[in-house]
Amino acid sequence: MMDLEHKRISRSTLPDYADPDYFEARGERNPVKPQSSNVVPGTSHIGSIKSPADYVFGDIIGDGSFSKVRRATDKKSWKEYAIKVLDKKYIVKENKVKYVNIERDSMMRLNGFPGISRLFHTFQDDLKLYYVLELAPNGELLQYIKKYRFLDENCVRFYAAEILSSIEYMHSCGIIHRDLKPENILFDGNMHVKITDFGTAKILPPKYVNSPDYTTFPSSFVGTAEYVAPELLSRQVVSKSSDLWAFACVVYQMIVGSPPFHGSNPNNIFKKIMSLEYELPKLLPPDIVPLFSHLFRIQPSDRSTTQQIKQFPFFATITWDNLWTQDPPPMQSFRPNYNIAIPNAPAYYRSNVTAAAAANAAAAFASASIVKHQETARRQELPTVNRFTAPTAHYGYASLRSHQMPVDRLYYKLVPSSESIIESTSVFVSPIPSVPEGNKFPSGLSKMFLKRKQRVMLLTDVGRCAFVCKGKHERLFIEMEVNLKDSSVVVIFDENSSKRFLIEDKVQSWIIEDSSGDVTKYKDKILKFADVASSHQSRSSEENVEENEEE
């Protein structure tokens, strides 16, 4: 049970856990088993065995919206782990208990498979939850893609095989990951794959564990824009085959250097996904092409299964039985055996598409008619793809991080149907009497007296800047809005801080502070509308001067 009034989670809501194999490997009797629901509140089942005091905590090696992952060393065994520390107060406040449980329960179900990051313990104190995880010291797949741009064919083949093997095991246990991407694929000390981040996984009911890959289940929009499958966009459903779509996207990115479906905003990405608009470089190994043509299909039932993928020519040299005991090939760049130059790829960068924008766009996209895309895809035996020499120009990551719920789809109902939301982000709004003298932003003691209110800022394609809050019964409404194209509206960005800006109209002034601490991701969009207002005002002034001269 949750004590919402005092922002507490009882221990029965998130019972502790210890991996049985952890004790058996040491010849110990495991006094703790995965917990049932009849737990006495306020007690810790393994508190006497493991607690924060049993570890030496080191550097932060990862963080999320309500958790941090720290490198830690067991004081008795001196073995290193990655401990995920979660804030209980935030979990309750943001209704994340479900997702915390999903992550723990998924990892408990998958524990022991070599391609899945292992959960050894969970324990807690009054303020925090602790997940003791297997340490993956060699980082994530994305960093190697960034470093080498195009991975060697042998690397791609071996790691694609390990990822596929891990997906096969997940599905056999009734787990759909729903957010497979290079950031969630780690490497252990021997450079073998470790899939992690199960906070948005879907745990299937027992009767559906062995269901066909194309069986669909209702799903909210979770995941990452560049890797989501068409069925999530069109019908708000997910299947085991959705993970295989994402798998194909990851393999493509390993060998090409960028995701197959990318764009400047979520809508562009989703349109490309639904129309199967992707390209293949001319230097791509011919054996790998069927992997993409058989997985990039609109209908889940038209995609190849895991067993069929294993039989593709690209994996002909893979020995599946001892895959996890083999020595991985050295990580290196692709080196063609023939004298064809690979053009220089532009520098890698992350897109400015926010998680909120991706969720909003997905909601809008799902409501649009896409039947024509599906009918076209059904008539095609194989999708038509273009072949080109140069790698794709750029790619980005519109990421919905683990445990982060998508922005409420009702946001789109708050603006006229003729407008599109091009940016949505969490901000703090502080009303002030007027623009500070000399355009100086408050600092020091004066900042303490500002009344900050957390809101969601929506920016539309016509220059509307609206601030949304929740009323009674969780009803969303626009508390205030300004027209950035209005010549009476003043927008000033703080030259000394990248996290805030100021808006003033004829009546009121507000300081807007971005929750993430970075307003640069949408600064240009706002200034573009403000420039339009300035040009209109300038033309109006010139016309008045001309009229006065004629008089």
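Just so you know, glycine gets a Cβ as well, placed from its N, Cα and C.
What you are looking at is a predicted structure, and each value in this text was computed from that prediction instead of being measured.
Here is what Swiss-Prot says about this protein:
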| type | residues | note |
| --- | --- | --- |
| REGION | 24-43 | region 'Disordered' |
| DOMAIN | 55-315 | domain 'Protein kinase' |
| BINDING | S65, F66, S67, K84, E134, L135, A136, E140, E183, D197 | ATP binding site |
| REGION | 86-131 | region 'PIF-pocket' |
| ACT_SITE | D179 | active site, proton acceptor |
| MOD_RES | S220 | phosphoserine |
| MOD_RES | S538 | phosphoserine |
Of all the recorded positions here, S65, E134, A136, D179, which one's CB has the most other CB atoms within 10 A?
D179
Cβ contacts within 10 Å for E183 (ATP binding site), all chains included, total 18
Counting other C-beta atoms within 10 angstroms, the emptiest spot among the recorded positions S67, S220 is S220
Composition by DSSP (helix, strand, coil) of residues within the region 'PIF-pocket' (86-131):
20 helix, 13 strand, 13 coil
Just how spread out is the ATP site if you go by the largest Cα to Cα distance in Å among S65, F66, S67, K84, E134, L135, A136, E140, E183, D197?
21
Nearest of the binding-site residues to the residue listed as 'active site, proton acceptor' by CA-CA distance, picking from S65, E134, A136?
S65
Just to verify a number: CA distance, S220 (phosphoserine) to S65 (ATP binding site), in angstrom, no decimals.
19
